[in-house]
Amino acid sequence: MSQFFEYKDTIKEGDLVLAWLSRDNLKPITVKAGEVFNTRYGAFSHSDMIGKPFGSQIAIRTKGSNRFGFIHVLQPTPELWSISLPHRTQIVYTPDSSYIMQRMECNPRSRVIEAGTGSGSFSHAFARSAGHLFSYEFHEVRYEQAKQEFKEHGLLEAGNTTITHRDVCKDGFEIKNGDTTSHEFRGPEETKVELNADCIFLDLPAPWDAIPNLTSVISKEKKVNLCCFSPCIEQVDKTLEALEEEGWQDVQTVEIQGRQYEARRQMVRRLDDAIERLRDVKRRKHEGVEKRQKNVEQTSNNGSSVEATESDKDLKHTEKTHFNPFGKGSRVKEGDSNFEWTQVSKVELEIKSHTSFLTFASKIIDRTRDEEQTKAYLATFKDEGSKLSKREQRRLKAQANKDIQKE
């Protein structure tokens, strides 16, 4: 069983662990006895990790000093893997992937098509949640890298993940015996895989070319949900046209923007405190001037060799005052009950997730409907509505689909 599907208590040799260096810096490690993991915090022996519970802190003493460096060793999950994985392409981060899976109603009985494996970030999330994942990658080098990665992580061994080397825009989604794929065929040479997919995720430069090829591989028994991941609004526009031409319904485009908030407590600063501070500065200024004048008078009367007076020492070492929220003073721990505090927060300026437009649609195959008649009916609107706005054309096409279903 894959480490991404179930939790383990302790680390064993050969396990994949994620070394937590900071919130945005995680490093994947395959634990091997005798090897060393080098970081700016020091060198950590893999042997020290074996037998420790996941989540443990591994600490070492820095040579030549009393300072300690440490890391945390974590259980790999799809969410943490998306932060630490080696990037071969842009990836789908957790803020997007979690929303996509919820909207597509992905569950352990779902059969998912993912076109555009890329770095495999979303593939791990699908493999954990879905009944079976069919992933496609057109780039041969990335296909081999992803296949090896899935094998090492136990996704192929679990039997619910199939990755195929294919350009789905040109060659479609059907998997047959003889194709370059991780699926193990048994039986005659003409054997092909029954996909019956009910969740479709397209992360492609031109998803509108792949949408017509979905007809033969989607489920005929239940509702099919689709999501297209497109960085540019021009891609969204062409995708919407393709979805409507193929009879997809409930089309909606959204964008997810996730920012983190840093929350802390800040001491309440009042006007009386500011006025008192100004008075204190003015009072100390006058006292300093008076002490300096006395010192000058004593020096002129007793000669230049007179040692520093007590007043000089007082000027160099002024007594510390109580805490001043507007200036220097005694240190106060955040949240001290002797002072009044208020809750404040600050949002990070940059959006670190890869933001794109998410276009959702759904389809239910009506076996009683004549698909040829449907396309001919929609073609009349395409010809008559060529001078209309795109929004009006979409409205007419949607109305045509409803009229056909009533017939």
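Placement of Cβ uses the backbone N, Cα and C atoms for every residue, glycine included.
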If you check Swiss-Prot, which stretch out of 368-387, 388-407 is marked region 'Disordered'?
388-407
Greatest C-beta neighbour count within 10 angstroms, which of the binding-site residues Ser119, Ser121:
Ser121
Using a 10 Å radius around each Cβ and counting other Cβ atoms from all shown chains, which of the binding-site residues Glu137, Asp167, Asp203 yields the largest count?
Glu137
What three-state secondary structure does DSSP assign to Glu137 (S-adenosyl-L-methionine binding site)?
strand
